[in-house]
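Feature annotations, reproduced from TrEMBL:
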- Cys118, Cys120, Cys128: Zn(2+) binding site (BINDING)
- Lys195: active site, schiff-base intermediate with substrate (ACT_SITE)
- Arg205, Arg217: 5-aminolevulinate 1 binding site (BINDING)
- Glu233: Mg(2+) binding site (BINDING)
- Lys248: active site, schiff-base intermediate with substrate (ACT_SITE)
- Ser274, Tyr312: 5-aminolevulinate 2 binding site (BINDING)
Amino acid sequence: MKFDRHRRLRKSEFMRDLVRETSLRKDDLIYPIFVVERDNVKKEIPSMKGVYQISLNLLEEELKEVYELGIKSVIFFGVPNHKDDVGSGAYDENGIVQEACKLSKKLYPDLIVILDTCLCEYTDHGHCGVIDPNTKDVDNDKTLPLLIETAVSQAKAGADIIAPSNMMDGFVTEIRKGLDDAGFYHVPIMSYGIKYASKFYGPFRDAAESTPSFGDRRTYQMDPANRLEALRELESDTREGADMMIVKPALSYLDIIRDVRNNSNLPIIAYNVSGEYSMTVNAIEQGLLDEEVIVEQMLSIKRAGADMIITYFAKDLCKKINEGAI
Ligand code: PBG
């Protein structure tokens with residue numbers, strides 16, 4: 001025989017099932033929810049079809065759906081009524097995500113609540129920290145105490161996991177210390193430490209009303225051209241005590257997910273971000289692509305090495321998994 005017969009293992013459905021290397025499980029999926037402080041809002045985000053801004057007083061219904069589908073973890077993003085230059089809504093003990101978290105823990109105590117530790121949704125200028133008036137750039141070390149305060153207020157509200165996404169240097173060290181000092185040594189940190197300055201976040205900024213009013217985030221988020229820099233971030237966050245690592249975005253950064261997988265024993269989470277979601281939804285809606293591309297995208301993320309995926313498709317995927325279609 002002069003050639004290899006790869007098709008032997010592809011010849012039937014059951015045979016393909018038997019040799020399949022990657023799978024998508026409900027346990028892998030984390031669902032993002034945008035909670036608004038204004039009452040009685042359930043508004044579809046124009047740039048993110050199928051994703052809503054939801055008021056606290058309407059959140060119960062949403063959580064019920066999520067829980068009954070079998071989703072085990074959610075991440076809340078807040079849209080506050082009040083914004084100021086120091087993002088005080090982020091560390092208000094009765095702030096919007098703190099209240100969403102308390103409600104969720106009361107209704108579904110076992111549903112894992114992840115809270116995003118960042119100031120951008122709460123600052124009037126839309127940046128992820130406080131601005132140095134001289135340089136007009138985010139002041140790293142002046143931001144850190146506010147992030148600690150935010151993380152502690154989130155832990156007090158009952159958050160199961162703290163997910164800092166602000167990209168300040170030292171945030172893992174500082175937040176870990178802050179949580180430990182406040183008695184929250186059991187609360188893990190899921191670090192968004194490998195976060196690129198990506199245009200794929202565009203629709204999220206509509207949803208979270210967090211577009212910077214001047215400049216951009218390139219002095220704190222990573223350059224999309226860089227690969228080794230991700231390993232330096234990984235090294236620092238691991239040394240500083242991160243329990244899990246997020247890579248973000250996902251689909252244009254599959255090489256980075258693989259690099260992180262090959263260089264770390266921590267659980268890895270990929271954030272399938274808003275722009276990735278919207279591109280896919282639009283292509284499907286226009287009839288350009290079949291909706292099965294969603295599963296293919298998720299499998300590519302898992303194949304690259306991610307253990308979990310934060311995705312706006314989580315509910316749709318769970319429905320398919322429940323129907324046995326995946
Ligand atoms: C910042 C944050 C962002 C996203 C998650 N957390 C936006 C940003 O850095 O501008 C983006 C997620 C997405 O695009 O889906 N708190």
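In case you wondered, yes, glycine gets a Cβ from its N, Cα and C as well.
Predicted automatically and left uncurated, TrEMBL annotations should be read as such.
Structure coloured by features recorded in TrEMBL.
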residue : record                                               : Cβ within 10 Å
Cys118  : Zn(2+) binding site                                  : 28
Cys120  : Zn(2+) binding site                                  : 25
Cys128  : Zn(2+) binding site                                  : 26
Lys195  : active site, schiff-base intermediate with substrate : 26
Arg205  : 5-aminolevulinate 1 binding site                     : 16
Arg217  : 5-aminolevulinate 1 binding site                     : 20
Glu233  : Mg(2+) binding site                                  : 24
Lys248  : active site, schiff-base intermediate with substrate : 24
Ser274  : 5-aminolevulinate 2 binding site                     : 24
Tyr312  : 5-aminolevulinate 2 binding site                     : 25
Contacting recorded positions, sequence order - Lys195, Glu233, Lys248, Tyr312 vs ligand 1, Cβ under 6 Å: none
Additional residues around Zn(2+), ordered along the sequence, whose Cβ is within 8 Å of the centroid of Cys118, Cys120, Cys128: Gly87, Leu119, Glu121, Thr123, His127, Gly129, Ser165, Asn166, Ser210
Coarse DSSP state, helix versus strand versus coil, of Lys195 (active site, schiff-base intermediate with substrate): strand
Entries of Cys118, Cys128, Lys195, Arg205, Glu233 which, being recorded positions, have CA atoms within 10 angstroms of Ser274 (5-aminolevulinate 2 binding site): Arg205
Residue among recorded positions Cys120, Glu233, Lys248 with Cα closest to the Cα of Arg217 (5-aminolevulinate 1 binding site): Cys120
Lys248 (active site, schiff-base intermediate with substrate): nearby binding-site residues from Cys128, Arg205, Glu233, Tyr312, Cα cut-off 10 Å: none
Between Lys195 (active site, schiff-base intermediate with substrate) and Cys118 (Zn(2+) binding site): CA-CA distance (Å): 13
From recorded positions Cys120, Cys128, Lys195, Glu233, Tyr312, the one whose Cα lies nearest Arg205 (5-aminolevulinate 1 binding site): Cys120
Spatial neighbour of Glu233 (Mg(2+) binding site) that is closest, considering only the binding-site residues Cys120, Cys128, Tyr312 and their CA atoms: Cys128
Rounded inter-Cα distance in Å - Cys120 (Zn(2+) binding site), Lys195 (active site, schiff-base intermediate with substrate): 15
Rounded to the nearest Å - Cα separation of Cys128 (Zn(2+) binding site) and Lys195 (active site, schiff-base intermediate with substrate): 13
Residue pair Lys195 (active site, schiff-base intermediate with substrate), Tyr312 (5-aminolevulinate 2 binding site) - Cα distance, angstrom, rounded: 18
